[in-house]
Amino acid sequence: MALPAIPQPLLTPLTEAAIFLVFTIDEGGEQAVHDVLADISGLQRSIGFRVPAGGLAAVVGIGSDAWDRLFEGPRPAELHPFVELTGDKHHAPRTPGDLLFHIRARQMDLCFEFATVVTNRLAGAASVIDEVHGFKYFEQRDLMGFVDGTENPSGQAAYVAVTVGDEDPDFAGSSYVIVQKYLHDMSEWNSLPVEEQENVIGRSKLEDLEMDDDTKPANSHTALTVIEDESGEQIQILRDNMPFGHVGSAEMGTYFIGYSASPTVTEQMLTNMFIGNPVGNYDRILDFSTAVTGINFFVPTADFLDDPPDAPTRLVPEATFTAPISDGSLGIGSLKRSAQQ
């Protein structure tokens with residue numbers, strides 16, 4: 001009996017530090033990237049061994065366009081580009097991204113070392129197009145002051161929420177992840193009274209208690225991001241969001257990263273937020289927080305990365321024959337000269 005595939009460490013508890021790296025693969029860099037991906041678990045072990053209590057964990061995601069450039073064979077059933085959304089007032093853009101590295105640890109030096117080594121290994125084959133350094137903000141709060149990730153599943157429920165099952169047997173044990181970088185208008189947000197902020201989020205700010213359905217505004221964040229199946233059971237995702245910021249430029253926000261067994265769950269959440277449910281009833285948080293990136297990735301198992309399928313054979317164009325330019329003769333003299341040589 002075959003053992004189940006070992007997943008990547010996406011169920012690692014939230015940490016104090018994180019780095020999010022998004023790469024695009026350079027033309028002709030596919031084989032080099034393919035080779036680096038097979039070394040990721042070894043790099044994680046080697047760097048993490050230097051600080052055993054540091055909790056270094058790295059998750060690799062592969063984008064829709066990159067998959068066919070890197071691997072022969074089957075393709076994940078639900079892997080597709082990010083679905084761009086344009087509502088009456090707010091927009092969720094689709095942005096480039098072939099590789100995601102979600103790097104976490106209890107201390108930033110481990111994250112930084114791993115990010116540096118991977119980036120150096122990929123030099124000349126892939127280019128960093130987005131880099132975000134996240135940090136824990138007090139008791140898992142975002143920069144808006146609210147606890148983030150309260151409704152995350154745990155234990156077996158978390159495993160079920162993020163793990164592809166028998167519906168796609170070639171990739172059982174894998175996951176999907178959607179990332180977006182949000183920039184906050186902190187001046188505008190901080191101008192709101194706490195009571196109004198709580199109406200935007202749908203939770204109390206200090207106690208982190210969700211409002212009851214009779215009190216919660218229909219356009220609050222919590223009202224629009226609960227997804228239920230046909231029987232009324234909530235379908236969950238795992239959020240590993242992290243705050244980030246630059247004080248000098250006042251650029252600060254939240255890096256949203258949502259793992260799930262199917263991207264359709266997160267996509268429905270985003271549709272509710274940007275388009276509205278019903279249409280026009282968009283998430284009020286978007287009046288203060290702007291999405292500037294949006295990418296879908298597939299997270300294969302650790303076993304897949306350790307021993308990936310071969311890279312596709314690059315087709316070499318067949319040599320073409322170019323007829324000589326005719327001078328109007330039959331070339332008989334040339335044939336005679338050839339015969340005489």
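Numbering starts at 1 and runs along the chain as displayed.
Glycine residues also receive a Cβ, built from the backbone N, Cα and C atoms like all the rest.
Taken from Swiss-Prot as is:
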type	residues	note
ACT_SITE	Asp148	active site, proton acceptor
BINDING	His221	heme binding site
REGION	304-341	region 'Targeting peptide'
Around His221 (heme binding site), which residues of its chain at least 6 apart sit with Cβ under 8 Å of its Cβ? Val200, Ile201, Gly202, Met273, Asp283, Arg284, Ile285
Taking the Cβ of Asp148 (active site, proton acceptor) as reference, which residues of that chain separated by at least 6 in sequence fall under 8 Å from it? Gln140, Arg141, Asp142, Arg239, Asn241, Thr254
Based on DSSP, name the secondary structure state of the residue listed as 'active site, proton acceptor': helix, strand or coil. coil
